[in-house]
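This report concerns only the one structure given below.
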Ligand SMILES: Cc1cc2nc3c(=O)[nH]c(=O)nc-3n(C[C@H](O)[C@H](O)[C@H](O)COP(=O)(O)OP(=O)(O)OC[C@H]3O[C@@H](n4cnc5c(N)ncnc54)[C@H](O)[C@@H]3O)c2cc1C
């Protein structure tokens, strides 16, 4: 046994007054911890503990001192104070514990003082916040009271008295009456809408509002059509609120996290390693090239304490984030591999299900305390919920004397690192890509450095954290469960594990990549890497992917081999969309990158939407793609573009419903890439194709599936059509009889007419907010 390691196990270096033998208990870690708690629980023993430097020298002495203060403790039962005893050169610190509270972990006195001061400051801040009415004005629309108050002002107020307001007032507004513009007679007798009178726009016939706390006029429709999940989120925000994020009136979530770090920095810096270091796995299900895991592992090794890993599954989170059953299954399968591989390093992977996502930060705090962990590490996820949760966790843990450190890991270049010459975030891919490339030329040594997996724990970790090694992988929640047949299918198509990801990457880069630059858009064969499930779940890092491609390209990121360079530039799109998400966080709140596009008048026809999801539109290429999506939980990029354009422009259906459907179906669902792709397809996003460039599904079909092989594979009703022209448009090109006999539908819309409608609606929509 490593003698040094022996020394730093807290109870063995005299920090904790307990004698435990690693061989005496089946789950000595939890037992140790619970005994420790009992031993230091002020309700069980001392209410006042004299701590001296070196701090936790002897419990007996502490108990004696405690007796002296017993009476005083009774009086101040609920107080938590800290006093310096200046008479003592060793700076005696007296901490009075609130004996009704959970036991406090042992802390260095200075740290304890800082924590107490931070708590006091926080209390003062909270008090002043309550009184700060202005704060209310910028708060998120997340309280019922706020929503109702706002409703009482403006248009909704008129309806309010006649409606029974329940949980949220919007729910109660009948669709036909909601936000209908008020009419009055113009002098010439013509009807004039109140909106025009007030010189405000009317998206979907509704009134636009410049109040950042008012919902968007189309909020009710977005809710009714399943775009905004009101169970978890406030109503769709106004466009003015998006602008408030852009102009800095509202804080971006990434800045909220940064502020949490800045404000807790003095506390976190002081935190010394204790019993364990924890790594929290989220969307980084791998051991290799994992920055936060590496940091955790190094800190644990340096201090010769165990590394503990955990994963928290929240069914509520999965629902709120529309995670697909295929993606959940893939996650669970990868966790199994991860747990096995960590086990070989004597590192436990503790897995827990937390039904309510709100409870996650508190629960993590409890677990860290239970394990005596001083440091928690995780990689940053850039979605809004996650950034805000992490900001909360940084403070909550700092308050407990635990440092929560995060790493930028999922992008090759960290979001925020690239700015235009004017100091702005890029919103167009090409200049961004040049900057990305330039950055990597300068910082490649760091940004493309592939990290080693974590080192092995000392074997004593098994006795200290024995029960954690037995942690069970949960099953998928009922609404995310696959059938047995689907499970087997996906297991075969997307085997789990890092090894599989690396095998695919190597195979692609060494052989299949050759045709990539020429054929990557063709849908009639497999010309792309199909690595997106692995990248999206973090089973493979983008850094590793780019770094290996660069090596294969003789050290070049661009140029030389056109296919490898082109593939690297595709992986860069993934970075690009994450950068966009961080800078324009409202896209994660059901808004378009260009909010004015929310003013376009969309259709909300559930029947048409279902025809699209089921691949029954009468457009063979669209139907083939949508059927493949259901079957494979994956789709070629070109097909994603075709079907997203078809939904938003040919059917004129609010594209955000399609965005959600993709997330609920794809195995590689990734918010930033999915939103970015939908923004492109619907021309509402960053760097989109202009709205007036509308994909013609027939031309796309002929170009990217010239012989119709892809269509025949996925639309068996058309497999008897041998003609390579007719297959793309059976009813228009003489194969209608075959199609009809096989029950294949006629086109549900006429493309030429739809195109005209789309052009008109887009033009009107984006003009609405203009003065
Ligand atoms: C409407 C729409 C929705 C999309 N939704 C997602 C999604 O939820 N998750 C997702 O990972 N990708 C999404 N994409 C991007 C792209 O379609 C997939 O990444 C790609 O099809 C994955 O296949 P591959 O691994 O064989 O790609 P390859 O061509 O081999 O590319 C390698 C990797 O580069 C990245 N990549 C390639 N193209 C893009 C792109 N246009 N945008 C972002 N990253 C890219 C992916 O991580 C991909 O795995 C979407 C695109 C559109 C148009």
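Along the chain as shown, residues are numbered 1 onward.
Positions of Cβ are set from backbone N, Cα and C atoms, glycine also.
No curator has checked TrEMBL annotations; they are predicted automatically.
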Stated TrEMBL location of region 'Disordered', expressed as one of 61-91, 92-122, 123-153: 123-153
Mean predicted confidence [pLDDT] for the domain 'Photolyase/cryptochrome alpha/beta' (275-412): 97
Residue pair residue 602 (site 'Electron transfer via tryptophanyl radical'), residue 516 (FAD binding site) - Cα distance, angstrom, rounded: 37
Length of the line joining the Cα atoms of residue 572 (FAD binding site) and residue 678 (site 'Electron transfer via tryptophanyl radical'), in Å: 17
Number of helical, extended and coil residues in the domain 'Photolyase/cryptochrome alpha/beta' (275-412), per DSSP: 69 helix, 30 strand, 39 coil
Rounded Cα-Cα span from residue 678 (site 'Electron transfer via tryptophanyl radical') to residue 567 (FAD binding site), Å: 21
Residues satisfying Cβ distance under 8 Å from residue 678 (site 'Electron transfer via tryptophanyl radical'), sequence separation of at least 6: 644, 648, 655, 656, 658, 659, 662, 684, 685
Among 516, 567, the one of these binding-site residues whose Cβ has the fewest neighbouring Cβ atoms within 10 Å: 516
Filtered recorded positions, from 530, 655, 668, 678, whose Cβ is under 6 Å from an atom of ligand 1: 530, 668, 678
Fewest-neighbour residue among binding-site residues, criterion Cβ within 10 Å, set 530, 572: 530
